[in-house]
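Here's what Swiss-Prot has on this protein:
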COMPBIAS  1-16  compositional bias 'Basic and acidic residues'
REGION    1-29  region 'Disordered'
MOD_RES   SER30  phosphoserine
TRANSMEM  46-66  transmembrane segment
TRANSMEM  88-108  transmembrane segment
TRANSMEM  128-148  transmembrane segment
TRANSMEM  154-174  transmembrane segment
TRANSMEM  182-202  transmembrane segment
TRANSMEM  220-240  transmembrane segment
TRANSMEM  254-274  transmembrane segment
TRANSMEM  300-320  transmembrane segment
TRANSMEM  325-345  transmembrane segment
TRANSMEM  354-374  transmembrane segment
Amino acid sequence: MGFHTKSPDRVTHEEEANIGVDNQPRETTSTSLNRSQIIKTRNWWICIFVCSCLVVAGRVLSTLLLNFYFIQTGRDVCDDPKQFKGTWLQSMVQNAAFPFTAFLLLLWRSSFSTHSETSSSSSSFGKLFLLYISLGVLFAAYSQLYAIGRTHCVFFLWIFTSQLIFTSIFTTIINKQKFNRWIILSMVLSGAATGLGITSSGGAYIPCENEGSKMSNGAWCAFFGTVAFSLSLCIMQLGFQKVIPTTQSRVSAVILMQTNASMIATLICLVGLFVSGEFKDIKEDFETFKKGKPLYVLSLIGLSLAWQVMSLGLVGLVCLASSLFSNVVSFCSTPLVNILLVLAFRFTDADVKFFKEGALVAGILGFASYVYSLYKSTKKKEIASQSQTTRV
């Protein structure tokens, strides 16, 4: 299940040679190619499902643990100066679980490593290095900007929804993304799901509305954070299209990209943590954590792992489908995230049943709409491949 192609759209000349096109009857060759295409398509859909589950699970856990962290450190109290501290720590924790993905990479390569992967990666080292540096800087940028926007701007979640707009703009320019009515419908529904989901819940890190200057700074940080995140997704897709060697396993490429970019982002955030002096606040949080010191450490570890799992799923979806689909899946999970948030922390007392149900339906339909678009595209390519095989 090491998806070695971006999508199940064609059979390569090497694969044709392996099954003996020139030495077998046409009907046997056609049957072999069709069977190969069916297996490839099935594995591709399985990987789509797995990566989507990683995104949803990671987003749910990271949101719940982040709210738990804010409550237990006292950052949910309005007008408390502590509420605006610790942004560099948050951004560093968001990327710090790269040793986990590095272990997965070693495990994968020890089981499925090939010589062609190593030689191809070495030949394009310069381009790969530039790609990982760019992504690492963007990871660090949006992590820090989101951390500031989340704690300084009451409208953060509404600004966050513009992420889908920026992704669609960047992917059109950078990745030459083609749009159809199902993709557009999916974008509209996933945006509606996020909007209704925001209406139906709150959060422990929503700041006070009377902080004028902080509100303005937080809004701008949230805005530029969405730009940086959307740009990072599109650069990932460009990397898979133009930079990552086609001979390299897609699984290996996804994990390697996530590991290297997260490592660079962690180093940048670590420098920011010490330069800003925020490292001095860690001891206070550790000592005053309401549930005790062991749970403080465990909550940060769990939060970091949850964010890494979500990011790994996002990168996988970018590789398998597109940056836009990756963003849509994340947005469609918003209703589920907010429903679980309300159940876990009881942030909203008002009757918001209509908004929760509407958001959940919109999220499901938005995801289904994009999946149907992928299904139609895959079927069209299969038919084209079969007709081409018949003419051979």
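Cβ from N, Cα, C; glycine included.
By the Cβ criterion (distance under 8 Å, sequence gap of 6 or more), the transmembrane segment (325-345) is counted as touching the transmembrane segment (182-202), at least 3 such pairs being found. The stretch in 46-66, 154-174, 220-240, 300-320 that contributes the largest number of Cβ pairs under 8 Å to the transmembrane segment (354-374) is 46-66. Of the recorded ranges 46-66, 128-148, 154-174, the transmembrane segment (300-320) has the largest number of C-beta contacts under 8 angstroms with 46-66. Looking at which of 88-108, 154-174, 182-202 has the most CB pairs under 8 Å to the transmembrane segment (254-274), the answer is the stretch 88-108. Counting Cβ pairs closer than 8 Å and at least 6 residues apart in sequence, the transmembrane segment (154-174) and the transmembrane segment (128-148) reach fewer than three and form no contact.
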